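A short worksheet on the structure shown next.
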Amino acid sequence: MEDTFRYKILKLGGLWVRGKFGSVYLARLKDSHYVVALKVLFKSQLVKASVEHQLEREIEIQGHLRHPNILKMHTYFWDSKKIYLVLEYAPGGEMYKSLQKARKFTEAQTAVYMYEIADALSYCHMKNVIHRDIKPENLLIGVKGELKIADFGWSVHAPSKKRMTMCGTLDYLPPEMVRGREHSDSVDLWAIGVLCYEFLVGRPPFENDKQDVTYAKITSVDYRFPEHVSQGARSLIKGLLQKDPTKRTSLLNVMQHPWVEKHARSETDCRKKSQSTPT
């Protein structure tokens with residue numbers, strides 16, 4: 001990391017997002033005026049919460065990933081009290097807030113997002129990276145309305161494709177993780193099934209005020225579809241929410257699913273052509 005890059009941040013813009021361990025600001029690079037998101041984290045808070053290794057893993061993994069639907073980490077630097085991550089700016093903001101505002105997304109919009117996240121996760125899995133915490137709160141929206149995976153705090157580089165660690169958000173955990181069993185990259189398949197349902201319905205399929213009930217609903221794969229969800233969308237979600245990890249619909253088959261292709265293929269192809277710039 002070159003010292004010259006560290007000091008190209010000209011001045012901070014307005015506060016964009018305030019998080020648990022710091023804040024995200026808009027900033028400009030001094031020479032190019034390129035707008036970035038500057039994530040400022042306090043070392044003391046990271047140490048207090050014992051998440052230093054999680055941040056190291058996030059930097060190591062996200063810093064090497066290059067995909068149109070993954071938020072780019074340009075570089076990072078630090079001083080005695082803070083760590084600074086220089087990230088791609090996603091002007092569409094947080095997916096979670098967009099979903100809250102809309103209450104639920106249309107089938108066409110959801111299908112586009114499903115194509116994009118399946119494409120991004122396929123790239124991650126090819127690199128032996130399992131995300132393990134897909135949810136609306138960890139997604140952003142880019143300049144053309146495209147989905148961006150933005151948080152790799154729970155991700156792991158696992159060439160063996162097998163892990164035992166319990167992580168992620170309860171509503172999105174698959175049965176094997178709820179039971180504390182060994183898991184693989186198929187946890188991401190389950191998660192995008194939950195995501196698809198939440199996008200279309202406005203809430204996760206296993207949501208309940210009581211944690212033990214949520215656990216039970218997940219392990220028994222107990223959920224219902226509202227009437228407005230189409231048969232095509234149901235087919236995709238059912239294929240992803242399989243108790244047996246080996247039976248879940250593959251990411252390639254998500255992208256090629258008739259319901260996804262019907263709504264999404266042409267739009268995502270157009271976006272990719274307009275975004276295909278050298279890195």
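Glycine is treated like the rest: Cβ placed from N, Cα and C.
Straight from TrEMBL, the features:
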- 10-260: domain 'Protein kinase' (DOMAIN)
- LYS20, LYS39, GLU88, TYR89, ALA90, GLU137, ASN138, ASP151: ATP binding site (BINDING)
- ASP133: active site, proton acceptor (ACT_SITE)
- LYS135: SUMO2 cross-link (CROSSLNK)
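What TrEMBL annotates, mapped onto the structure for a quick look.
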residue: LYS39; record: ATP binding site; DSSP class: strand
residue: GLU88; record: ATP binding site; DSSP class: strand
residue: ASP133; record: active site, proton acceptor; DSSP class: coil
residue: ASN138; record: ATP binding site; DSSP class: helix
residue: ASP151; record: ATP binding site; DSSP class: coil
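Around TYR89 (ATP binding site), the C-beta neighbours below 8 angstroms that are at least 6 residues distant in the chain are LEU26, VAL35, VAL36, ALA37. When the binding-site residues LYS39, GLU88, ALA90, GLU137, ASP151 are compared by the number of other CB atoms within 10 angstroms of each CB, GLU137 has the fewest. Ranking the recorded positions ASP133, LYS135, ASN138 by the number of CB atoms within 10 A of their own CB puts ASN138 at the top. Put simply, ASP133 (active site, proton acceptor) is 19 Å from ALA90 (ATP binding site) when counted between their Cα atoms. In this structure, the C-alpha atom of LYS39 (ATP binding site) lies 19 angstrom from that of the residue listed as 'active site, proton acceptor'.
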